[in-house]
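Working notes for the structure below.
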Amino acid sequence: MPQDPMDFEWSYWVEWGRERILWLLAGHLLVSQMSRLLVEKYKPWCLMVYGMAACWLLLGIKGFAVILLHAAISFAVAQFQLSVLTWLCSLILLATLRIPAVEETKRRWYDTENEYYLLLFTVSVRCLFCTSFSLEYCWHAPSQKSSHSFPWMLAYVFYYPTFHNGPLVNFDEFSKQMRRQEAFSVKTNLIILIVGIIRIFFWWCLAELMIHLMYIHALYSSALPLESASYWALGGLALAQVLFFYVKYLVLYGVPGLLLQMDGLKPPALPCCVSLMHSFTKMWRLVIAAFQAVCYWYIYVPMGGSQSSLLGTLLSTALTFAFVSYWHGGQSYLWYWGALNWLGVIVENGTKRILSISLIQDLI
């Protein structure tokens, strides 16, 4: 039975995975386990060199140079130790990805559109990693700056399991866990690997079944069936789409998460099932926890978050969703999407505040 071709993200990463990325991840696993077994002290640098080589192989010398240039610029700006300047640098670097002349130049580097998109997705995710490193550098005392050197930034930026599509790990956690030397058990790691592969294979089979049998995205791409569907049917389609999104990211984040475990690191939490969510705010925090954690710790909390005044909470929430919309491409429909999500969070939190008033509780 033919599959639904309309979910670009799933089709794209499955195709790249089969062609090259899974083989490169297997190579990373081999290098990682050998370095843990033989030269644990030099493991970060072995993995850094491997990540650079894999980047060069997939994206070419020009793609590799772009990512290295972004890292160098971010590191240079971080020396000023100003968070505002770091954020400005990150936004400018993201903006360069959408300059038509730059886009056309980068397209000419590759034979296919898919190769160009791989560079685009990779650089977008690397921008987040550069931002994490730079902000942590700004916030740490001078005595801690030795652990925030440029080589460590490169080890973080070129760490291959998270290289193309995440998940996002903040720099402090990465460096702390990478420096930690612990007992290595081949048997334990083999069990973790086998169990992890079985789980990921199950999720992949479930996602493929949904793609081949449900045609959720094909239905959404045509106005006619949506106009003729009942509200119950539309609700069912919406639920089916978010459930597929959940299963898809169990695979897309499950594979690098397993490799993080094999490297002795703690992976970010996998997405939480949307069917278990009853809170809009909680959904945003748990469905893609690895991405939202960055927004939460680097935007929402520094801006005051829920601990500030009502206006401060509104502003910090708005800036968080604005960045999410901008990072995903900044098209008009993404700004609408971000505004609606912001409104949903504000309405829910506002209702909670009203219901927490003692007079209202007495009335209830």
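Placement of Cβ uses the backbone N, Cα and C atoms for every residue, glycine included.
Positions annotated as transmembrane segment by TrEMBL: 20-39, 46-69, 75-95, 116-135, 150-169, 190-211, 231-252, 283-301, 307-327.
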The transmembrane segment (231-252) in contact with the transmembrane segment (190-211), cutoff 8 A, at least 3 CB pairs, sep 6+: yes
Stretch among 20-39, 46-69, 75-95, 190-211, 307-327 sharing the most Cβ pairs under 8 Å with the transmembrane segment (116-135): 75-95
Stretch with greatest number of CB pairs under 8 Å, the transmembrane segment (46-69) reference, 20-39, 75-95, 150-169, 190-211, 307-327 candidates: 150-169
Selection from 20-39, 75-95, 150-169, the stretch that has most Cβ pairs under 8 A to the transmembrane segment (307-327): 75-95
